[in-house]
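Have a look at the structure below before the remarks.
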Amino acid sequence: MIEYVQAGTIQVAKVLYEFVNEELLPNSGLDQDKFWSDFAALIADLTPRNKELLARRDEIQEKLNEWYKEHRGRFDFHEYKAFLTDIGYLEPEVEDFEITTDNVDEEIAVQAGPQLVVPLTNARYALNAANARWGSLYDALYGTDAISEEDGAERGSSYNPVRGAKVIAYGRQFLDEAVPLVEHSHKDAVQYAIVDGKLVVTTEGGATTGLKEPEKLIGFQGEPQNPTAVLLKNNGLHIEIQIDREHPVGKTDKAGIKDIVLEAAVTTIMDGEDSVAAVDAEDKVVVYRNLFGLIKGDLTATFEKNGKRLTRTLNPDREYKTPDGGELVLPGRSLMFVRNVGHLMTNNAILDANGEEVYEGIIDAVVTSLIMKHSLIGNTRYLNSRKGSIYIVKPKMHGSAEVAFANELFDRVEDMLGLERNTIKIGVMDEERRTSLNLKNCIYEVRDRIVFINTGFLDRTGDEIHTSMEAGPMRRKNDMKSSTWLAGYEKSNVAVGLAAGFRGRAQIGKGMWAMPDLMAEMLKQKGAQLKAGANTAWVPSPTAATLHALHYHQVNVAAVQNELANDRNDYRDDILQIPVVDNPQWTADEIQEELDNNCQSILGYVVRWIDQGIGCSKVPDIHNIGLMEDRATLRISSQILANWLHHGICTKEQVLETFKRMAKVVDEQNAGDPNYRPMAPNYDDSVAFQAACDLVFLGYEQPNGYTEPILHRRRQEAKAKFAAVQQ
């Protein structure tokens, strides 16, 4: 049972109450009693509006369901659009405008670069992500399939000089492309020196040359004639050539280069939403405490690796001498956003005056802003924002009224915490259909505080399926990627953002590369997101961030956005194309293949979520390829099966049989995990297995197809069950 403390009209879980009072409020400039009374007032004032917005979601869904049923077999696009306008689903568009957000850090407004998303429940992962601002290109190439293992270049258990030579050659080729020399190639270099404020490169034949664009030299470490590091800059991102002739790699390199370090994850989203399993007060405090440790700069994580005990901490800033003899300090860490939850869920961390759980998004807004305030008032080892801003990502909003509510919430939090108006900046996830179609209006509601919009294919597909559940059977999951609506959605996000003045002011982001082991493929494909106008895109690991950084050297994002700025196309008719299959011709084998893939994916993710509280993990798919799974991937998998079930493409018995068969596969895939609880053969006794079934068999009724209500309920059940067994 959770122990509560009465704080005015609200009851606060003791674990949260003590954390806030003992750790967050000291040195915050806030009075404890006033903080809690203001919090209670905010809850009382904003809860009714939150409820209204959720009721509006349900009302719209009911109207959609009825319309689709009535028009099945006689769908008329113009009639459909008129209906969506009548019910307020399609909003009248606001006049043209430009955002006016100010005090935005360069990492968001100016620098284009990779963005990491990492669960706040895992301190080690969070530290790794924060430190992924800089990454070793040599390590990223050597340790992944980015460099092939052909011709004796296997990775192996010890250093392979053949592979090392391939890595070095790749690095030199990169330097030739990003920071070319006037004559010769970086491959010919035997020495790098700083002479009269310029980079002088000596080649094997004794000739000297310099940079084709001398201004790309930014700084160095060590002595000018014999630097230990040379700092260059291309397309807004830094490149550090590290030189050490005594180092095992430097010894083998004719110029003594031991590594090329790239500025990589310029920004990171510290996630308290889709990648975490936080279902109660205790879990929420873990999330908040790790965020506070990151902001203060004193978070540590100790772990064992290869038999050694290691402690991870935040990296310090990086110091250089400038070519003209000055000093330069660059951040050693990624600029941090925090992702709050959306408007849907409540949490038992606080009970309101009626004894009801408070909306989790309201709790998140207050507590995470209080945490990040400490960075603004000098209470932390490092600055997060150099511009005095707090960055919050707000997900899963449907239409502009919900974005306006987030704005009102942030206004109230600023007043409560003594922050100037628009100190709290918002990143709006464009991952629900009603937001995609009304994106201009959504941005308008937060035009003074918005710093990012981002497309999320997976959640957005989940909403696509659930919205039009009654329209008919939907395309197979992999076929969704070639849908008309999806191409329109991706183009529209960029076009609307650029038209609203995002260039040089805010991020336009694109989605996750979900296969952390397939880096060669990522290098081939992910550059397309930048060519489409994004100035940031999501990556699953620090290594992926380092490799994705290469794309930003190949593509000048600012130039791409300048070209695309004239795109005034309206993509909404494309976005409205429903991915329904009118006369499905799938064979029995194809249907079973889709069931196998989705059931295995659901079980592989849900079993860790429910039994171990792991909200984001690399889950092997049915072909044993590791895929990064979070609640967004779960939403699409569960909704596609719920849709097929509803339209008779498959039967409940078929799905249940598939779940049972796939449970054995997932059990086998997790056999090496000592904390794993098998689902087979006692399916009725496995809360995780039951949760997976619920997600599909109750998928039709779930609000907007969200997975959180079932996951939270079942995780709480599992926690209680495991605790009872331990007693």
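Every residue, even glycine, has its Cβ placed from backbone N, Cα and C.
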Of the candidates Glu304, Glu420, Glu431, Glu490, the one that Swiss-Prot places in the glyoxylate site of Arg339, Gly456, Phe457, Leu458, Asp459: Glu431
Of Ser158, Ser275, Ser492, residue recorded by Swiss-Prot at the acetyl-CoA site of Val117, Arg124, Tyr125, Arg312, Pro540: Ser275
Asp630 (active site, proton donor) and Glu431 (glyoxylate binding site), distance between Cα atoms, whole Å: 14
Nearest of the recorded positions (Arg339, Gly456, Cys616, Asp630) to Arg124 (acetyl-CoA binding site) - Cα to Cα: Cys616
Subset of recorded positions (Arg312, Cys616, Asp630) lying within 10 A of Arg339 (glyoxylate binding site), CA to CA, in sequence order: none
Top Cα neighbour of Leu458 (glyoxylate binding site) in the set of recorded positions Val117, Tyr125, Cys616, Asp630: Asp630
Alpha-carbon distance [Asp459 (glyoxylate binding site); Tyr125 (acetyl-CoA binding site)] in Å: 23
Three-state secondary structure, which DSSP defines for Arg312 (acetyl-CoA binding site): strand
Lowest local Cβ density among Glu431, Asp459, Asp630, which the record lists as recorded positions, within 10 Å: Asp630
Minimum Cα separation from Asp459 (glyoxylate binding site), reported as the residue among recorded positions Val117, Pro540, Cys616, Asp630 that achieves it: Asp630
